[in-house]
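Taken verbatim from TrEMBL:
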{"type": "DOMAIN", "residues": "A:7-288", "note": "domain 'UvrD-like helicase ATP-binding'"}
{"type": "BINDING", "residues": "A:Ala28, A:Gly29, A:Ala30, A:Gly31, A:Ser32, A:Gly33, A:Lys34, A:Thr35", "note": "ATP binding site"}
{"type": "DOMAIN", "residues": "A:289-594", "note": "domain 'UvrD-like helicase C-terminal'"}
Amino acid sequence: MQTDLLHNLNEEQLAAVTLPSQSALILAGAGSGKTRVLTTRIAWLIQTGQVSPAGIMAVTFTNKAAKEMLTRLSSMLPINTRGMWIGTFHGLCNRLLRTHYKDAALPQTFQILDSQDQLSLIKRMLKAANVDDEKYPAKALMYFINNAKEQGLRANRLEPNDPIERRMIELYELYEGQCQREGVVDFAELLLRSYELLARNGPLRHHYQMRFRHILVDEFQDTNDLQYNLLKLLAGHDEEGGGAIFAVGDDDQSIYAFRGANVGNMQAFEREFRVKNLIKLEQNYRSFGHILDSANYLIANNPKRLGKNLRTDAGQGEQVRVYEASSDLEEAQWIIEEAKSLMGEGVPRSEIAVLYRSNAQSRVIEHALFAAGIPYTVYGGLRYFQRAEVKHAIAYLQLMDNPHNDSAFLRVVNFPTRGIGARSIEQLQMAADSYGISLYAAVPYMTGKAGSVLGSFVKLIEGARFETQQLPLPELVRVVLERSTLLDYYQKEKEGAERIENLEQMVNAATQFVQEEGFGIAAPAHLGPPSLPQAGEAIVLDDGVEVLDGGAPLPSVMSPLSAFLTHASLEAGDAQAQAGQDAMQLMTVHSAKGLEFDAVFITGLEEGLFPHESSARELDGVDEERRLMYVAITRARRRLYMSFTQQRMLHGQTRFNMKSRFFDELPEESIKWLSPRVQTNWFAGRKSQTAWDDTEFRNGTDNRIAQQITQKSAAGNGAGWRVGETVAHAKFGEGVIVNIEGGAGAARAQINFGAAGMKVLDLSVAKLERVGR
DNA sequence: GCTTGCAGCCTTTTT
DNA sequence: GGCTGCAAGC
């Protein structure tokens, strides 16, 4: 088995896997065996004795990817992978901070806020500080804070440009204080704290630099600046004797710039680490020729690429089938017809995927599938650990582990109701504020009825904690579910059955967690898995304090409860649970990344939707949309469908979109148009247009901008102007009327002037001319 | 303290 | 169109 390690690799893959111990960049195209190269590289390094399992760190972006890597690795090598540093950025940072919590100035039981928690903490804070939430919306502040953190900036290092920003910075500072008091940490904080810990603590940094000789990074194009800097620190980039970084990525699949990912990190890495070996994996093992040609043609329209062309030995295969529907309903109907015939040809339902740009598009398709009685799964719904009832139960557990978590306190102090109203909480909040302590700690200062009711809540928590001290985690969870009366509460609810089920599922989740992480296994967990070199090596820090090396498995640094709570925040529980059911797959293009299917439908290929209208406003926005389209195309193995529609209901309005510009960027010979030449009588006065006849796109002034025409009954409105009509304005040039509002006489028109932007003009004042077409 | 109704929201997503 | 969050009313 082990000798076969390098057997089935192609030349490029082999070269990448067996590179010398230097930093390297692997440009891995879609379907080129990227994960395979990563895992084989790790196995090869270990097998050839270049490094021990403890000397490897491998970072991914999702838990799923990390799990996949671990599974494949253990099938390649007879080693116990538990305790190896393979995980997500956040997971590994958590591990580091748990081990060195004192040096990171965190309480031992610090808890992790997910985005929901973070937002509600900010809202609560803004309210308490009497901040005008019109002027400083919680979401905007959250965005501001996360953004700053992702650039490695604390409040005291930010320079305000205006009074608003000055206030934002103050609020950022206030937020940090609140988190510190509560002993909670948001996602970005996990990374920033880790970065600061290593940056400030020389011996600790040095220790990890010496330990991790090989750092492997998956999806490198998705790293943000903070992550990149953390990697630089760990690899000892500026210092002597640093380790090697093996970065794998694909600039063409960078689709997360909107959340801070910086593709530029790839070039920066190449430059800063003086990468000698840039290897391209261009052999594709997934798709047939016409599909790959389409992807290659399309992406060639992007400037600023590192450059790469996928090829296949599989032959041309079938052409890409394109369909123009008359409406979104009809588009859905067509998908079903085609899917049925695919199933008739023996394609399993789970091998048929329907992709769309935004979640809102799924509804119509779901309706149609439901009516047709075809089983389907929608990805991207509410995840297990985010469900309200589960969050409630988690909050009880959080309070037992860290009572100063105010968010958890507020969530359940009166749920199920126990007569603690808004007024009591207000008083409690005041007491807490005046002493600068948590709500929980402030309870003893309360008097009267409120005092006694709150007191009994505290007793409930303390009692549960005492009672469960010696119990294994799953038992503990069960006891808490009962003592909190959550189960009773939902038993009485009419619609509570599913919630009860979810709560009981928590006991199972705890059982599974304990098994997987090795809590409560007969052999003392702190000794680590047998095949791993002793990971709990002691490090002596500056202050003479000895700490364990962070490579120690979780059971030696955390209580089962703390660890379980961490797991709940870091791993939203992708328990889509419907596994086993053979169902068609519905998802956004974003969530399809990394997956593949025999047949793929890319739907809603319309200007304004895909590329999305908001992308026009962003720098290089359309390029990112094109990469998104590239990702979508390369999901398909054998058959690819694309569709667009003349008319679509979105946000309660009917929109008439042009077909996507991306169609113009595909190779003609790879495309097969399925729809007949449909006459599209959008509105009188406009030449009817054939769907795929490009001449109008190419010759028109710029019809691409003339999108999204909102249908309104324009008749009788504003001096006979019609929605959709092309007009000319002395200053703004040519534009298309997008909307008309107000009655006759006081009518205004919203007009898209393309380059000059969207304007609202008063029709009785503006001098407009009709442009005959 | 709970239910009801209305205004405002709406790109993509993981941790 | 449909969901969420908040305020008014019972």
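Residue numbers in this text run from 1 along the chain shown.
Just so it is clear, glycine is given a Cβ too, placed from its N, Cα and C backbone atoms.
All TrEMBL annotations are machine predictions without curation.
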Out of A:Ala28, A:Ala30, give me whichever of these binding-site residues has the highest number of other Cβ atoms within 10 Å.
A:Ala28
Coarse DSSP state, helix versus strand versus coil, of A:Ala28 (ATP binding site):
strand
Would you mind checking how many other C-beta atoms are within 10 angstroms of the C-beta on A:Ser32 (ATP binding site)?
25
Quick check: which same-chain residues outside A:Ala28, A:Gly29, A:Ala30, A:Gly31, A:Ser32, A:Gly33, A:Lys34, A:Thr35 lie with their CB within 8 A of the centre of the ATP site CB atoms?
A:Val37, A:Asp250, A:Leu281, A:Asn284, A:Tyr285
Give me the long-range Cβ neighbours of A:Gly31 (ATP binding site): same chain, 6+ apart, Cβ under 8 Å, in sequence order.
A:Asn284, A:Tyr285, A:Arg286, A:Ser287, A:Leu310, A:Glu596, A:Thr634
Can you tell which of A:Gly29, A:Gly33 has the most other C-beta atoms within 10 Å, given these are the binding-site residues?
A:Gly29
What is the number of other Cβ atoms found within 10 Å of the Cβ of A:Lys34 (ATP binding site)?
23
Mean pLDDT across the domain 'UvrD-like helicase C-terminal' (A:289-594), rounded to an integer, is what?
85
